[in-house]
Amino acid sequence: MYKVEEGKIQLENGSISEGLIAIASGKGGVGKSTVTVNLAISLAKAGKKVGILDADIHGFSIPRIIGLKDEAKTKDNKTIIPPKSFNIKVISMGSFVDERNPVVWRAPLLSGALQQFMQDVEWGELDYLLLDLPPGTGDMALDIMQNLPHAEVLVVTTPQPTAVHVAGRIGKAAEKLDVDVLGVIENMSYFRCDDCGHKEYIFGQGGGKDLAKELNTDLLGQLPLDPIARQASDDGLPIVEAKKELEISKVYKKISETITSKNTEFDPNKKPISLQNGPACH
Ligand SMILES: Nc1ncnc2c1ncn2[C@@H]1O[C@H](COP(=O)(O)OP(=O)(O)OP(=O)(O)O)[C@@H](O)[C@H]1O
Ligand SMILES: [Mg+2]
Ligand SMILES: [Zn+2]
């Protein structure tokens, strides 16, 4: 599917020089896709070239959150030129199944979509490729990790202790599959009171910190619960773009700085298992 050469991941139609980051969670609805988009834009604002591969084949939501308007186009019916939004190259199943958008390229088979997205998309020279994984620790998420051994897993969790438990499973799987864990992001950590500014810990506390400790990794940041951010997501205008002065946007900025300051080296001895029939589709 790709090879590592001269310190870069060399794709069929592009390269990744700084990080292949898989955003994962133990369960659905914790804000994975929202985090993927806002992190991608924060990295782009820091001058990085960023792509998003929406690997949530069935439940894709990246196009809506990032306000993607353009369609994927094909070059000679062989490769796909990914559309851009806020300077992020985006590829998603959503680019192929829209009824108003006649399929410009043979729609990827669900089972082979990941491989096709990695190989046939004209990613060009990227610094970071972010993958929004399907929720949970199902076959799909595990298969993706297994086939992308150079991916680093970024686990998104909510702060309650039960969430830590499920999110922990994906971290354990990463360990077993010999994929590195980049860190933990705790989302919806607290609500900042409009009147006095105190933090209200609606969902409890400590989950992200405990999980990071359990996985022997860092808690990269705690994002507040912010209704304005939710609205921004629904409107396709991500919060770091819409309101960069907000606390949540500053936390995103800090997380992206932590990520860019890490020096990732892709191990040329780790080999991706080429997908035979694509990841199992459940
Ligand atoms: N920090 C936040 N404050 C307020 N709302 C948020 C925050 N983060 C995410 N949300 C909202 O929570 C909902 C779920 O977010 P999102 O779709 O990103 O989760 P997900 O983990 O990708 O879900 P799925 O498992 O369905 O893929 C969305 O409505 C989103 O706008
Ligand atoms: Mg999602
Ligand atoms: Zn208060």
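Even glycines carry a Cβ here, placed using N, Cα and C.
What TrEMBL says about this one:
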type	residues	note
BINDING	Gly26, Lys27, Gly28, Gly29, Val30, Gly31, Lys32, Ser33	ATP binding site
REGION	263-282	region 'Disordered'
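Mapped onto this structure are the features recorded in TrEMBL.
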| residue | record | contacts (Cβ under 8 Å, 6+ apart) |
| --- | --- | --- |
| Lys27 | ATP binding site | Pro135, Gly136, Ala163, Val166, Ala167 |
| Gly28 | ATP binding site | Pro135, Gly136 |
| Gly29 | ATP binding site | Pro135 |
| Val30 | ATP binding site | Pro135, Val156, Thr157, Thr158, Ala163, Ala167, Asn187, Met188 |
| Gly31 | ATP binding site | Val156, Thr158, Asn187, Met188, Leu223 |
| Lys32 | ATP binding site | Ile23, Ala24, Ser25, Asp132, Leu133, Pro135, Val156 |
| Ser33 | ATP binding site | Ile23, Asp54, Asp56, Ser61, Ile62, Ile65, Asp132 |
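By the rule that a residue counts when its Cβ sits under 6 Å from some atom of ligand 1, the binding-site residues Gly26, Lys27, Gly28, Val30 yield Gly28, Val30. Of the chain residues outside the ATP site list Gly26, Lys27, Gly28, Gly29, Val30, Gly31, Lys32, Ser33, Ser25, Pro135, Val156, Thr158 have their Cβ within 8 Å of the site's Cβ mean position. Ser33 are the binding-site residues among Gly29, Gly31, Ser33 whose C-beta comes within less than 6 Å of an atom of ligand 2, given in sequence order. For Gly26 (ATP binding site), the count of additional Cβ atoms within 10 Å of its Cβ stands at 25 [all protein chains shown].
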